[in-house]
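Per TrEMBL, the feature transmembrane segment maps to 27-49, 61-88, 94-121, 142-165, 197-222, 243-266, 272-295. The domain 'G-protein coupled receptors family 1 profile' annotation in TrEMBL covers 42-293.
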Amino acid sequence: MPFSNSSELSPSFILASIPGLEAAQSWMAIPLCSAYVLAVLANGAVLLVVRAEPSLHAPMYFFLCMLAAIDLALATATVPRILCFYWFGSREISFGACLLQMFLIHTLSAIESTVLLAMAVDRYVAICHPLRHAAVLTNGTTAKIGLLAMARGVLFFLPLPLLLLPLPFCGPRVLSHSFCLHQDVMNLACANTTPSVVYGLTAILLVMGLDAVLICLSYLLILKAVLRLAAWRERLKVFSTCIAHICVVLAFYVPLIGLSVVHRFGKDLAPLVHIIMGNIYILVPAVLNPIIYGVRTKQIQRRILSLIHVTDR
């Protein structure tokens, strides 16, 4: 029988496991743990390098620090709980913990999307209006953008858990992933979820959807400005300053779109597909972002190599 959340002191959900591979989950957790450790070390190194190097105290690198902090928070909000499940068999997650994790995942993703848009605008101003770049994007403006991104994420996605809070849920309440997502939890409700569906879709479109459109518009304007340059070598040199950001945008939006497609059209797919797509969505940006910028940014490379050299000595 369906029951309401108020009918139990601690209603809970069951994290998804892979049918037939439960015994191998402890081994499957090893690459997941390795990716998490790599994400923590790489993003932590970016934060330390930018903090320690005065020449990197500029808007572009402050945005990079924001991405690193967001990726650290997002991975830490999910991966340790997944590892507890894989290594210790703790599949059950309380209703409150599930809603909190769900709120953190969606809010941090919204903040990251806003920061990626701000970085696209930074590239647009730097290439199309280079004389105004220093005046428009100051360190103070960058800090305000970071606060605005946080406020935007919280205000848009705080209603998601609040809309789910009064709903009754049916058992067995088994999730499709090893962590809590709004679509996943909502599908287990034994009541009308239309308000939650409508608001969730609206929030996604007004945040991630709008940001993606504005990022594409920024790069269309950048491409238009680059094509005005006479020499191909000069065009490639200018546009190469955007390569790292384009890769980071793809690393964020491709898993996001893939996960959305799996939720919308992949009801008949194997559980392994849902779990893999969920883990890719959580960990791929966190692992790739610092590597991409570390490879593309000579100042970060030099600082990290100098730190390694000092440590070896």
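Here the Cβ of each residue, glycine as well, is placed from N, Cα and C on the backbone.
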Outside the transmembrane segment (243-266), six or more residues from its ends: residues with CB under 8 Å to it
67, 109, 112-113, 116, 119-120, 123, 176, 181, 183-184, 204, 208, 212, 215, 219, 273-274, 277-278, 280-281, 284-285, 288-289, 292-293, 295-297
Give me the stretch from 27-49, 94-121, 142-165, 197-222 with the greatest number of Cβ pairs under 8 Å to the transmembrane segment (272-295).
27-49
Report, as numbers and ranges, every residue of the chain located at least six residues beyond the transmembrane segment (94-121) whose Cβ falls under 8 Å of a Cβ in that stretch; write 'none' if there are none.
5, 10-13, 60, 63, 66-67, 70-71, 73-74, 77-78, 81, 142, 145-146, 148-150, 152-154, 156-158, 160-161, 164-165, 179-182, 185, 203, 207-208, 211-212, 214-215, 218-219, 245, 248-249, 252, 256, 282, 285
Let me spell it out: take the transmembrane segment (197-222), skip the flanking residues so only those 6+ beyond its ends count, and list any with a Cβ under 8 Å from a Cβ in it.
106, 109-110, 113-114, 116-117, 120-121, 123-124, 127-128, 152-153, 156-157, 159-160, 163, 182-183, 186, 239, 242, 246, 249, 253, 256, 260
